[in-house]
Amino acid sequence: MSEVLATYLLTDTTDSEKRAEQIAAGLTVGSWTDLPLVKQEQLRKHKGRVVKVEEKEGTSENETQSVITIAYPEVNFSRDIPAVLTTVFGKLSLDGKIKLTDLEFSEGFKRSLPGPKFGIYGIRKLLGEFERPLLMSIFKGVIGRDLADIKEQLRQQALGGVDLIKDDEIFFENELAPFETRIIEGKQVLKETREETGHKTLYAVNLTGRTAELRDKARRAAELGADALLLNVFAYGLDVMQSLAEDKEIPLPIMAHPAVSGAFTSSPVYGLSHALLLGKLNRYCGADFSLFPSPYGSVALPKESALAIHDECVKDDVFHPSFAVPSAGIHPGMVPLLMRDFGIDHIINAGGGIHGHPKGGEGGGKAFRAIIDAVLEAQPIEEKAASCKDLQLALDKWGRVEAV
């Protein structure tokens with residue numbers, strides 16, 4: 001019988017085994033021990049079962065914690081993520097200190113999900129770059145700016161050698177720089193910079209609006225030649241992203257932004273784990289890129305959580321691996337640490353670390369590219385900076401975070 005396995009962290013539960021049995025029955029058949037034997041036989045295939053209960057040390061002296069895993073028969077729900085989440089963590093999410101930390105799906109269930117359309121290799125193939133972490137920059141301070149300002153910002157970032165440029169997640173449809181115009185004009189700017197430098201850059205445009213409009217808007221973006229889509233997935237829902245990823249008329253990579261996810265993941269004892277929501281479920285539902293706070297930036301995640309997201313993005317599975325994109329407060333001096341912790345197959349994503357460079361976006365991009373090359377070539381950073389003024393200026397401004 002096919003099942004979905006849900007793993008939870010319980011906090012301050014006096015009898016974990018009893019609690020696990022209550023959850024297994026309560027979220028499937030309801031009461032069990034009070035049922036007559038005939039009814040029990042009829043409902044047995046629908047009943048959840050406790051797979052394991054493990055006690056663990058709490059985070060404080062007076063706190064008790066346990067990890068439980070419960071198997072839910074797939075016969076109880078349709079093969080979609082909303083049905084699963086409602087079953088395993090619907091009303092349960094309102095019932096005390098309990099956190100959903102993982103979900104394991106059957107191979108049959110996985111076949112009903114799209115996974116990333118491009119994945120790491122597909123994105124690298126689009127760019128023709130296979131040997132280093134990719135570099136992404138973000139539009140900053142664009143609200144209230146006209147199209148000319150935005151085009152110049154795009155141009156400067158591309159001249160700096162970044163591989164991807166994304167809209168800010170709070171850059172919505174507006175009359176100064178409409179969605180379709182940004183795509184058309186942005187493509188022309190990037191065409192010109194590629195002719196000038198030989199370097200290809202992709203632009204991810206923010207897909208926004210009412211949910212019912214998104215599919216048609218994304219299809220229109222594809223018709224206009226958009227490179228990729230940015231989606232505030234947790235404002236809309238994972239199922240919305242899945243629908244976009246499954247649509248054959250939207251042959252575009254999807255970049256999943258973590259906005260709003262903190263409401264679900266930030267508590268150590270409530271909600272969902274970062275790895276499950278930003279890693280596994282993002283990947284399964286079609287994200288080619290999953291953005292999340294890095295462990296050492298301005299909005300930092302615990303390092304263990306950030307690395308767990310990355311692991312879920314790239315571990316062997318039936319789906320293409322997704323690019324992990326640790327973000328927030330990234331500057332060139334952090335690159336050795338990023339590459340040590342996240343390896344080659346991740347994206348270095350910077351906003352202020354590029355735009356705040358003394359020589360602007362172009363200088364910021366060049367500084368990042370220089371230090372990436374230095375790490376790959378095992379060249380001392382000081383030696384690289386001596387031959388690259390842009391890198392030296394960046395290190396003078398932000399310093400260097402040592403990889404210890």
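Placed from the backbone N, Cα and C atoms, the Cβ positions cover glycine too.
Per Swiss-Prot, the features are as follows:
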type     : residues                                                               : note
ACT_SITE : Lys91                                                                  : active site, proton acceptor
BINDING  : Lys140, Lys166, Asp167, Asp168, Glu169, His257, Gly329, Gly351, Gly352 : substrate binding site
BINDING  : Lys166, Asp168, Glu169                                                 : Mg(2+) binding site
MOD_RES  : Lys166                                                                 : N6-carboxylysine
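Under DSSP, Lys166 (Mg(2+) binding site) is assigned to a strand (E or B) in the three-state scheme. Of all the recorded positions in the list Lys91, Lys140, Gly329, Gly352, the shortest Cα-Cα distance to Asp168 (Mg(2+) binding site) is found for Lys140. Gly352 (substrate binding site) and Lys166 (Mg(2+) binding site) have their C-alpha atoms 13 Å apart, to the nearest angstrom. The binding-site residues examined here are Lys140, Lys166; by Cβ neighbour count within 10 Å, the least packed of them is Lys140.
Of all the binding-site residues given, namely Asp167, Asp168, Glu169, the one with the smallest number of surrounding CB atoms inside 10 A is Asp168. In sequence order, Ser294, Tyr296, Gly297, Ser298, Val299, Ala300, Gly352, Gly353 are the residues near Gly329 (substrate binding site), counting only same-chain partners six or more apart with C-beta under 8 A. The Mg(2+) site is set by Lys166, Asp168, Glu169; from the centre of their CB atoms, other residues of the chain with a CB within 8 Å are Ile138, Phe139, Asp167, Ile170, Phe171, Ala204, Asn206, Leu230, His257.
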